[in-house]
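For reference, the structure discussed in these notes is given below.
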Amino acid sequence: MSSLIMQVVIPKPAKFFHNNLFSLSSKRHRFSTTTTTRGGRWARCSLQTGNEIQTERRTGGYQPTLWDFSTIQSFDSEYKEEKHLMRAAGMIDQVKMMLQEEVDSIRRLELIDDLRRLGISCHFEREIVEILNSKYYTNNEIDERDLYSTALRFRLLRQYDFSVSQEVFDCFKNAKGTDFKPSLVDDTRGLLQLYEASFLSAQGEETLRLARDFATKFLQKRVLVDKDINLLSSIERALELPTHWRVQMPNARSFIDAYKRRPDMNPTVLELAKLDFNMVQAQFQQELKEASRWWNSTGLVHELPFVRDRIVECYYWTTGVVERRQHGYERIMLTKINALVTTIDDVFDIYGTLEELQLFTTAIQRWDIESMKQLPPYMQICYLALFNFVNEMAYDTLRDKGFDSTPYLRKVWVGLIESYLIEAKWYYKGHKPSLEEYMKNSWISIGGIPILSHLFFRLTDSIEEEAAESMHKYHDIVRASCTILRLADDMGTSLDEVERGDVPKSVQCYMNEKNASEEEAREHVRSLIDQTWKMMNKEMMTSSFSKYFVEVSANLARMAQWIYQHESDGFGMQHSLVNKMLRDLLFHRYE
């Protein structure tokens, strides 16, 4: 490794220049807000770069952050103390014994499913894989004619990457094989498991498509008549967002609430889930504090008052994407990426003139300090923050993995900025792209590729150049993850962005192209998300990338659907429901 370091030159983070940017306070932008005929809000500011030039600019109208620096730094939790770790260890041993000693095959599978939903399955991975491995090779313990057990077994095996054929459901279909048997409609628990299992389908699996349609139709009817409160709650939850599309930790609290109401609740499992939740929350708070210190030190939110100050929301995203406890470094890194993507996105979408955006793109393509000097002051600090961050991450990867990631990281950030410029040109020309033209660019402009690129280099144990090349030719798993991220984002933010005068999003592109209603367009986008998940599911079963990189790629898509599940902007506009979910995970301990 030492010889490799001698041969690779990574630009030194340009901290020597960073301090000079804070002397630009005399050039801070002066805002006065006016409305325009194009919709949205505009700000009039002066850029003092010699001669004073009046430039009309948009503003996003975003609200200030709900958590200032001092508030974030004040968070503390007793659950980071050693005594809680020791207590949890004792309960983990007890649950391991339950898994080993449970003789009922279905009860074992149900316990595994509960552990996953409670967010504590990470403590039992070896035991779970051993149990599922035995279930994969022996079917004798499960009645293949029982829909509930068959569907539960199928779903868990696929979730753990076992190759299970959809043919296990053939015995539940009618004689012609065209639909499922009508006699199943009274098996509500079985239908719920069938519905959940259907979301692990890959492209071309017709039986699972039939299963989804059949189960959905009858579960929607059961919601209106079923009197079992716990079962009804599970059905409503699944119809809102199926288990396979849900992130684990952000959902854990609500499942703990549901689990403790069940008559078959295990007190030890419940107590472990509550304690573990509070311990993880304590860890998350420490990571958030570190990310917040970095954000404060960049000065971006002070020098660029038009950008979204959302460091807490940026961190919240990471808790669903990088779920394993030991990857705190990666969560903090991802928080920084989210903050930088958000900042640069606001520069392109809201504030920069087309000429400035072209200058910024050229500077990013050249990737050197000299290019930065041609930028207006507000862009210089943005450029330098990104430049320093990427070089620092490349250095850490070289130090820890012995691999120079610099050219790959530069490529993905340049690609992101170039996609932003394409959309800026559409805006200034008043261009309305077709849905195909829009998606060709927007799955890149959503910002998922830099996230996955950085995570690839951190989460791959032994990095091979061939794998790095495959990843950065935008492998199908990257494309699927970013496509779902884009479409889910569009479903939640498109109306707000169109009101600001932005280019049409996927919903509006479809409406313009097909002369469709908004609801028809949204239904089409939902179908695109479903189709893309089938591509994702196939990649999850067959991908040559590391198991955990595949997992975080899927989690990026899941977190997008979690944030935007009610088709409103839970990030930029601080939607009250998302705000509550964020507080419950990061700040409110479980009593």
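From the backbone N, Cα and C atoms, a Cβ is placed for every residue, glycine too.
Keep in mind that this is a model prediction, so the values were computed, not measured.
The (2E)-geranyl diphosphate binding site annotation in Swiss-Prot covers ARG308, ASP345, ASP349, ARG486, ASP489. For the recorded site, ARG308 ((2E)-geranyl diphosphate binding site), the DSSP three-state label reads coil.
Per Swiss-Prot, Mg(2+) 1 binding site is recorded for ASP345, ASP349. Here ASP345 ((2E)-geranyl diphosphate binding site) comes close to TYR420, GLY447: these same-chain residues lie at least six apart in sequence, with C-beta atoms under 8 angstroms from its C-beta.
Taken from Swiss-Prot, the feature Mg(2+) 2 binding site applies to ASP345, ASP349, supported by similarity to another entry.
Around ASP489 ((2E)-geranyl diphosphate binding site), taking its Cβ as the centre, 23 other Cβ atoms fall within 10 Å, counting all chains. The feature Mg(2+) 3 binding site is assigned by Swiss-Prot to ASP489, THR493, GLU497, with similarity to another entry given as support.
Taken from Swiss-Prot, the feature motif 'DDXXD motif' applies to 345-349. Sequence-distant contacts of the motif 'DDXXD motif' (345-349), counting only residues of its own chain at least 6 positions beyond either end whose CB sits under 8 Å from a CB of the stretch, comprise 58, 60, 304, 306-308, 357, 360, 378-379, 382, 420-421, 423-424, 447, 497, 500, 502.
Here Swiss-Prot flags 1-44 as transit peptide.
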Pairwise Cα distance maximum in Å, (2E)-geranyl diphosphate-binding residues per record: ARG308, ASP345, ASP349, ARG486, ASP489: 19
Listed binding-site residues (ARG308, ARG486), ranked by Cβ neighbours within 10 Å, top entry: ARG486
Between THR493 (Mg(2+) 3 binding site) and ARG486 ((2E)-geranyl diphosphate binding site): CA-CA distance (Å): 10
Inter-residue C-alpha distance, ARG308 ((2E)-geranyl diphosphate binding site) and THR493 (Mg(2+) 3 binding site) (nearest angstrom): 14
Other CB atoms, at most 10 A from the CB of THR493 (Mg(2+) 3 binding site): 20
Spatial separation of THR493 (Mg(2+) 3 binding site) from ASP349 ((2E)-geranyl diphosphate binding site) - C-alpha basis, Å: 13
